[in-house]
């Protein structure tokens, strides 16, 4: 029961549709975004400051930058749809904002998959104290 409560807390107040993003990460990278990336490095999870610690953390940095470039969209509330065609994720639907958010999430999931060999457990639950200083620009 306690584990369900923790998951419920994680699902509240996180940028984007965490359920959709988690599903994309599972489909593309084959691993749980919540388990591996909800608190990793300087950029995976809430906020972000300093420099990305490795390629996996850079995926989260790029994801934050992708969201920052969206105009007139709110990744915290807008939802999206996608489909699979020949094993590929295709973002779509009638909502242009949803499609853009989906593309950001898809790019991050692909990045996680492609940088899996650089994942380093020393950055899991990385202290924000190690992420001080000026942030890298997008």
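Every residue gets a Cβ built from N, Cα and C, even glycine.
According to Swiss-Prot, the protein carries these features:
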| type | residues | note |
| --- | --- | --- |
| SIGNAL | 1-40 | signal peptide |
| DISULFID | 42-131 | disulfide bond |
| DISULFID | 44-60 | disulfide bond |
| DISULFID | 59-111 | disulfide bond |
| DISULFID | 65-138 | disulfide bond |
| DISULFID | 66-104 | disulfide bond |
| DISULFID | 73-97 | disulfide bond |
| MOD_RES | 84 | pyrrolidone carboxylic acid |
| DISULFID | 91-102 | disulfide bond |
By Cα-Cα distance, the member of disulfide-bonded residues 59, 91, 97, 102, 131 nearest residue 65 (disulfide bond): 59
Spatially closest candidate among 59, 97, 111, the listed disulfide-bonded residues, to residue 138 (disulfide bond) (Cα to Cα): 59
Alpha-carbon distance [residue 66 (disulfide bond); residue 102 (disulfide bond)] in Å: 11
66, 73, 91, 102, 138 as disulfide-bonded residues, winner by CB count within 10 A: 102
Listed recorded positions 59, 84, 91, 97, 111, 131, filtered to Cα within 10 Å of residue 44 (disulfide bond): 59
Those disulfide-bonded residues listed as 65, 97, 104, and which of them has the most Cβ atoms within 10 Å of its own Cβ: 104
Which disulfide-bonded residues sit within 10 Å of residue 84 (pyrrolidone carboxylic acid) - Cα, from 73, 91, 104, 131: 91
Spatial neighbours of residue 111 (disulfide bond), counting only the disulfide-bonded residues 60, 73, 91, 97, 131 and Cα distances within 10 Å: 60
Three-class DSSP secondary structure - residue 91 (disulfide bond): strand
For residue 73 (disulfide bond), the one of 59, 104, 131 that lies nearest, given that the disulfide-bonded residues are compared by Cα: 104
Cα within 10 Å of residue 42 (disulfide bond) - qualifying disulfide-bonded residues among 59, 60, 66, 91, 97, 104: 60
For residue 59 (disulfide bond), nearby residues of its own chain (Cβ under 8 Å, 6 or more apart in sequence): 37, 44, 108, 111, 112, 115
Which of 60, 111, all disulfide-bonded residues, has a Cβ with the fewest other Cβ atoms inside 10 Å: 111
